[in-house]
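What follows is a set of notes on a single structure, which appears directly below.
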Amino acid sequence: MKIKTAEFVGSAFNESQYPKDKIPQIAIVGKSNVGKSTLINTVLGRKNLAKVSSTPGKTRGINFYLVNRAFYIVDLPGYGYAKVSKEMKKQWAYNIETFLNTSKNLKHALLLIDIRREPTEDDFMMVNWFSFKNLPFSVVLTKADKVNKSEANKAIENICRSFNISSDRVIVFSAVEKTGISEILRIFEEVIEK
């Protein structure tokens, strides 16, 4: 797939602000600071489409990016960040849950996990939710340039065992080394062909 156009459409803080069209959506979910914005920019070949921050918890609303006028990438707020108020955490959880429960156009989710970390309780909750909703998902192990090949293979095995999924649903991604991009683009392609 060639990325011809990619535009930020807007941030939604409640259901009334979601796009009203029937264009398929792919959600990007994961902990704060796992590299969601970096992945979006890298895969779409755009430098600053999604704002990258070293401060976790930067994405507060649900951000919609329209790609090739054919599908949306939906960037959900990162979860599990300790330094925000309980109130803010509740609001984020509510925003994520509302979107996941109400979107009629959600076709696939990419769950991002730092390749150097164990999956969190929140990651397991997301996987359970995907399974419950019969939503196809893939796990993207980010920051792969920080580990060697054998550590990467161990991380893949661990994810497959933890989530009871096959290795073809795990993508090893590095924005630095530009690995995993073609696999992610293939998922985008499959979604719009369905």
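Cβ from N, Cα, C; glycine included.
Residues annotated as domain 'EngB-type G' in Swiss-Prot, with sequence analysis given as evidence: 22-194.
Secondary structure from DSSP puts Ser37 (Mg(2+) binding site) in a helix. The GTP binding site annotation in Swiss-Prot covers 30-37, 57-61, 75-78, 142-145, 173-175 and is backed by sequence analysis.
As annotated by Swiss-Prot, Mg(2+) binding site applies to Ser37, Thr59, with the evidence given as sequence analysis.
Packing around Pro77 (GTP binding site) is summarised by its Cβ count: 24 other Cβ atoms lie within 10 angstroms of its Cβ, all protein chains included. Of the listed binding-site residues, namely Gly30, Gly61, the sparsest Cβ surroundings within 10 Å are found at Gly61. Its Cβ placed at the centre, Lys143 (GTP binding site) has 20 other Cβ atoms within 10 Å.
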